[in-house]
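Asks: Next up is a structure, given as structure tokens.
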Amino acid sequence: MTQGKKKKRAANRSIMLAKKIIIKDGGTPQGIGSPSVYHAVIVIFLEFFAWGLLTAPTLVVLHETFPKHTFLMNGLIQGVKGLLSFLSAPLIGALSDVWGRKSFLLLTVFFTCAPIPLMKISPWWYFAVISVSGVFAVTFSVVFAYVADITQEHERSMAYGLVSATFAASLVTSPAIGAYLGRVYGDSLVVVLATAIALLDICFILVAVPESLPEKMRPASWGAPISWEQADPFASLKKVGQDSIVLLICITVFLSYLPEAGQYSSFFLYLRQIMKFSPESVAAFIAVLGILSIIAQTIVLSLLMRSIGNKNTILLGLGFQILQLAWYGFGSEPWMMWAAGAVAAMSSITFPAVSALVSRTADADQQGVVQGMITGIRGLCNGLGPALYGFIFYIFHVELKELPITGTDLGTNTSPQHHFEQNSIIPGPPFLFGACSVLLALLVALFIPEHTNLSLRSSSWRKHCGSHSHPHNTQAPGEAKEPLLQDTNV
């Protein structure tokens, strides 16, 4: 009996210690200083900088592990990860409303970075863990909730923009650094460095990041129930057909983001394998594209919104997306990829413009619901797009015969056609499929009114909206302003 009491006391002490890791006595956030956007920025930068270092090594390991069906397996791996993220993101968001953001920042960063050290230990385990890590690979969702906790509504657009710009900045520099270190010292050093940066990120969250969700905003008990309707990933998608304008916007988003998600997952692999880009050239391409995308989503977007209006900006962005996908599809020379990349950067204005249209036309109490639907559709595309692109590459027999030599200069490369089937007329079939999909999106977007009010008339919608209009769940317009270079694991 005495032994049982001792065990019970030890268990109680462990529970109290776990609570104190996140919240100090009296409910004061633990960490360095008050919660700020800069805490979120550092977390995002370190996580994606670590993954960015592995851009070139991942391409090599992917081909060595799956030499016969590289594109297909890449699509399946990223597709499984995307679908798991889509299914788990609402639940993790709902749980973070109950238990706070810090614990889930720690959880998502840990599991997102868990595959990194496995790259050299066991490639098979590396790709297996990448697939299942999608359950927790939702750092952005938790970070945006963290930012929403500590900012006023009018400040969130700028705060989200800062987070997105930091994400882009990490990808502008890290692939080039990783490619250089890999060429000089070997890929093993790059993996060790990426692992160290991931551990630094975890330590930073444990020691320096204060909890952002006030104690008074949480349920009194750790065992408090969560809203399972809020945790349902299909809840917002079920509401799509209840308003014709919302339906048009969501169809436009689905048809345009499906090929974009597939492109994110495979394009750098395509440059490396089919177009014979060296690791340094891929890194330079990512850097240039990231810089141009930031410029397009800030300066150019602002000018276009003022000069030609919201709807026309969306149409222009879709037009650029069609052009760049067609160019990627038919392009057979490296210089064509660089030229199409500039057009691709311009196409990144589409989703900020879509989000701005929704923000401007939806009622204040419906912002979270409509933005949540768009986010849900994009999450679904993150699962379907990579698998679709991988399958199209597979059925057209676009596969690698041998990797180009590291450090090869693009100006002296032989014809890239030697890297795919000789009877292939179209170098990049999935990109042409994507261009057709975006063309359909453009036709649908023509029917979206420039000035309208998203009056969601269904009483069930109104009831649903009431449960989603919590300030921590509302997605500000800036949340959709993501950089073009979203995928960092390939």
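Glycine is no exception: its Cβ is also placed from the backbone N, Cα and C atoms.
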Asks: Confirm whether, per Swiss-Prot, Pro427 lies on the same side of the membrane as Asp187.
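Replies: Membrane side for Asp187 and Pro427, as annotated in Swiss-Prot: identical.
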Asks: To which residue among Asn12, Asn413 does Swiss-Prot attach the annotation N-linked glycosylation site?
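Replies: Record lookup, Swiss-Prot, feature N-linked glycosylation site, residue Asn12.
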Asks: Determine which recorded stretch among 41-61, 75-95, 127-147, 285-305, 314-334 has the most C-beta pairs below 8 angstroms with the transmembrane segment (161-181).
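Replies: Out of the listed stretches, 41-61 contacts the transmembrane segment (161-181) most.
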Asks: Mind checking which residues of the chain, 6+ beyond the ends of the transmembrane segment (314-334), have their Cβ under 8 Å from one of its Cβ atoms?
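Replies: Beyond its ends, the transmembrane segment (314-334) has Cβ neighbours at 252, 256, 259-260, 263, 267, 275-277, 281, 304, 308, 340-341, 343-344, 346-351, 353-354, 357, 410, 413, 415-417, 426-432, 434-435, 438-439, 441-442, 445-446, 448.
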Asks: Please check if the transmembrane segment (285-305) comes into contact with the transmembrane segment (338-358), where contact means 3 or more CB pairs closer than 8 Å and the residues in each pair are separated by 6 or more positions.
Replies: yes
